[in-house]
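Working notes, structure below.
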Amino acid sequence: MRRCCEGVGLPCLFKGVGMASPRPPRYLLVFDFDETIINENSDDSIVRAAPGQVLPEQIRQTFREGFYNEYMQRVLAYMGDQGVKMGDFKTVYENIPLSPGMPDLFQFLSKNHELFEIILISDANMFGIECSLRAAGFYSLFRKIFSNPSGFDKRGYFTLGPYHSHKCLDCPANMCKRKILTEYLAERAQEEVEFERVFYVGDGANDFCPSVTLTSADVAFPRKGYPMHRMTQEMEKKQPGAFQATVVPWESAAEVARHLQELLKKKC
């Protein structure tokens, strides 16, 4: 049985297809969104809906490391002042390209949905993620999506909030993915669902934080050349063996699909 940390349950945003019986192998597959599922940072992408597709220098200068969520609140307020509406944002999100090989990976997961429970943990926002995944046709693959709350107020302004508070010193003030993942595992354990392995597909420094908690049975899939990949390499140099999970870097998500396919063949 997998180890779990104590935690509280989080609301289910989407429930996927029921698992087949009798009790097939159960794997948890965790995805990041920006520069993982999609090939861009969606916060940068929405600037395409701003006048002239640029932000004023006085807005850009307000960015502070670790407080990106607050910065994006100011960006969205400015765009609202400029008359950017929900439909404008929706169009941008729907047209952000998926990362290389991601359709192949999602098709593989669709065919093997009974073996994988799939969740998404992202520091983007719920509206943008839903628009993008629905447009791509893969929204229903995800049992739960954890991201910053977002919506549109009475003025039609796109609003954004923080996901939660936490005490992790390595993560942005609004979200620690390690906290979300450990709480999710605890919630599922309370529901008598245990996972043989956890697979984590990501790219950023905030994806490295949860991946450190993975065990030797698990697999981390960092996007090659991105911060998560570099940080796993640095940890291995400084503390050999401290990063327990198997590390499988990818340039195309089809490589992730092939690795999972090989794993399933070995289970047969």
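Cβ coordinates come from backbone N, Cα and C, glycine included.
Remember, predicted model here, so these are calculated numbers, not experimental data.
In TrEMBL this protein carries:
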- D32: active site, nucleophile (ACT_SITE)
- D32, D34, D203: Mg(2+) binding site (BINDING)
- D34: active site, proton donor (ACT_SITE)
- D43, D123: substrate binding site (BINDING)
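Summary of the Mg(2+) site environment: with the site residues D32, D34, D203 set aside, the chain residues having Cβ atoms within 8 Å of the Cβ mean position are F33, E35, T36, I37, S122, G202, G204, D207, R223, Y226. Cβ neighbour density within 10 Å is lowest for D43 among the binding-site residues D43, D123, D203.
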